[in-house]
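Swiss-Prot has this to say about the protein:
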| type | residues | note |
| --- | --- | --- |
| CARBOHYD | 30 | N-linked glycosylation site |
| CARBOHYD | 73 | N-linked glycosylation site |
| CARBOHYD | 117 | N-linked glycosylation site |
| CARBOHYD | 134 | N-linked glycosylation site |
| CARBOHYD | 135 | N-linked glycosylation site |
């Protein structure tokens with residue numbers, strides 16, 4: 001039973017961490033973590049020992065605007081896991097901090113704009129931006145990864161229970177069939 005519980009916990013943890021976004025930042029830079037598109041986002045920092053804090057309660061180190069979290073002047077102590085939720089959806093981040101002498105990994109930016117930025121007037125650009133933000137909200141029909149991992153863990157646990165009960169029922173017969181074959185007098 002202990003091995004079943006351990007397997008169940010490891011499976012659910014593997015499912016949870018597979019959906020986590022990994023970000024690599026250098027010391028001294030600023031890092032912005034985007035929150036879910038819903039309402040006001042609450043941010044948590046989770047330490048390796050299980051402790052957690054609210055980074056938005058530390059105004060000198062972090063900046064929160066209601067949705068996004070910005071880590072100001074990243075240090076080696078800022079590495080770890082950050083969790084943002086609006087209690088309808090959530091996002092996980094794993095921050096990996098590199099020394100400032102290590103070059104940051106290359107990032108490629110793609111642009112599909114066919115109009116030069118200086119040809120669009122400010123009101124038109126603001127209207128397009130507002131329409132884009134309104135159209136990019138997440139659907140309420142999507143299922144979060146933590147929900148999927150919980151469902152997977154429960155399904156695995158129930159299947160292990162069914163297997164154990166079936167094994168017990170098939171391998172252990174009633175007492176009248178358990179007799180020693182040398183003491184039977186059936187000829």
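Cβ atoms here come from the backbone N, Cα and C positions, even for glycine.
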Margin query: What does the structure give for the C-alpha distance between residue 30 (N-linked glycosylation site) and residue 73 (N-linked glycosylation site)? Integer Å is fine.
Written below: 5
Next item on the list: Mind giving me a neighbour count for residue 30 (N-linked glycosylation site)? Other Cβ atoms within 10 Å of its Cβ, every protein chain shown.
Entry: 11
Note to self: Taking only same-chain residues 6+ apart in sequence, whose CB is under 8 Å from that of residue 73 (N-linked glycosylation site), what do you get?
What the structure shows: 28, 29, 30, 61
